[in-house]
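Asker: Have a look at this one.
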Amino acid sequence: MMNLQGKKITVHDMTLRDGMHPKRHLMTLDQMKSIASGLDAAGVPLIEVTHGDGLGGSSVNYGFPAHSDEEYLGAVIPLMKQAKVSALLLPGIGTVDHLLMAKDLGVHTVRVATHCTEADVSEQHISKARSLEMDTVGFLMMAHMASPEKLVSQALLMEGYGANCIYVTDSAGYMLPDDVTVRLRAVRGALKPETELGFHGHHNLAMGVANSIAAVDAGANRIDAAAAGLGAGAGNTPMEVFIAVCDRMGIATGVDVFRIQDVAEDLVVPIMDHIIRVDRDSLTLGYAGVYSSFLLFAKRAEKKYGVPAREILVELGRRGMVGGQEDMIEDTAMTLARERAAAAHKAAA
């Protein structure tokens, strides 16, 4: 029987960063400010604000945002009464200059994200963030693709570069609670006791809350979630549900159970371009182990090439595509469309 009574955790909000994916990075400054202020008032201690793909994500490959990272951060940070603001940075997209800009604007936490087997590309960014005395997080994405032993080796690299917290990230929403437990226990056992451990979930198999609780039980003390689940795929772990479950279990989050519901219902749901839910395409992300932010790219390719998004996503999973290969989605759709046309031609002959 799990007993987490009295355990303290830090909840990290994703609404204004992972939530940029389903908004196609087009949140307005007013939307950002009102949601961030609501989260702050609800007691959320850490709020991530950047382009969905992190600092410097504005590009043809990832999508152009309504405003620059500087504008979003500059609008939100001065409004915060108790919450700190974090920024995501993917080496190869974000640079040390972006990191310095974020620090100058008052960003407290930087999360340096790599594919779960490529931690070595994070050294420059992690060591720089630590030298700036920032709260520095190593963020291992698509963690279902690596064994617990491999994740341990990658986590130790990031810790060695200076990260004071390591995240195991279920970018595809593929993991089940046992997958989370075995990975987080292994990483927790290998890290220094003072190094924190985090978990980032997606709700593609509706496991976001269960996986996050499993993570806490395995030793995680930072958990990502989003108000109304606003995030890529079927969204992140829905914050208001997670907070209610924590409250029931006696896990201390410092977040007000009812205020966070109001933020989700009154501020986040009304700005959704589509309802964030487990539909056949987002379910396929979780089932096939595909990067959650590929969802809208696959839906777009379906319209363009007439190949169902689900087929595209299954093929991407078969090919083992990872974050950063967004350009290959179109390529995959074209290949499948050609194969379909050839099969139809053969059948007609």
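Keep in mind that glycine also has a Cβ here, set from the backbone N, Cα and C atoms.
The shown structure was predicted, so the numbers you read here are calculated from the model rather than taken from an experiment.
Below are the features listed in Swiss-Prot for this protein:
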- H21: active site, proton acceptor (ACT_SITE)
- R17, D18, S171, H200, Y291: substrate binding site (BINDING)
- D18, H200, H202: Mn(2+) binding site (BINDING)
- 9-261: domain 'Pyruvate carboxyltransferase' (DOMAIN)
- R17: site 'Transition state stabilizer' (SITE)
Asker: Excluding D18, H200, H202, which residues of the same chain place their Cβ within 8 Å of the centroid of the Cβ atoms of the recorded Mn(2+) site?
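Answerer: What remains near the Cβ centre is M14, T169, D170, S171, G173, G201, D224, A226, G231, A232, N236, T237, S292.
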Asker: Restricting to the chain of the residue listed as 'active site, proton acceptor' and a gap of 6 or more, list residues whose Cβ falls under 8 Å of its Cβ, or answer none.
Answerer: G52, G231, A232, S292, S293, L295, L296
Asker: The domain 'Pyruvate carboxyltransferase' (9-261): mean pLDDT?
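Answerer: Summing pLDDT over the domain 'Pyruvate carboxyltransferase' (9-261) and dividing by its length gives 96.
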Asker: Between all pairs in R17, D18, S171, H200, Y291 (listed as substrate binders), what's the biggest Cα distance, rounded to the nearest Å?
Answerer: 16
Asker: What's the number of neighbouring CB atoms sitting within 10 A of the CB on R17 (substrate binding site)?
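Answerer: Taking every protein chain into account, the count is 28.
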Asker: About how far apart, in whole Å, are the alpha carbons (Cα) of H202 (Mn(2+) binding site) and S171 (substrate binding site)?
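Answerer: Cα to Cα, H202 (Mn(2+) binding site) and S171 (substrate binding site) are separated by 6 Å.
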Asker: Counting only residues 6+ apart in the same chain, whose Cβ is under 8 Å from the Cβ of H200 (substrate binding site)?
Answerer: M14, F139, Y167, V168, T169, D170, S171, D224, N236
Asker: State the three-class DSSP label for D18 (substrate binding site), counting H, G and I as helix, E and B as strand, and everything else as coil.
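Answerer: Going by the DSSP assignment, D18 (substrate binding site) falls within a helical segment, counted as helix.
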Asker: Report the residues of the chain - excluding R17, D18, S171, H200, Y291 - with C-beta within 8 Å of the mean position of the site's C-beta atoms, for the recorded substrate site, in sequence order.
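Answerer: So the additional residues around the site are M14, H21, M141, T169, H202, D224, G231, A232, N236, S292, S293.
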Asker: In sequence order, which residues at least six apart in the same chain have a CB under 8 Å from the CB of D18 (substrate binding site)?
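Answerer: Spatial neighbours, sequence-distant, of D18 (substrate binding site): E48, G52, D224, A226, L230, G231, A232, N236.
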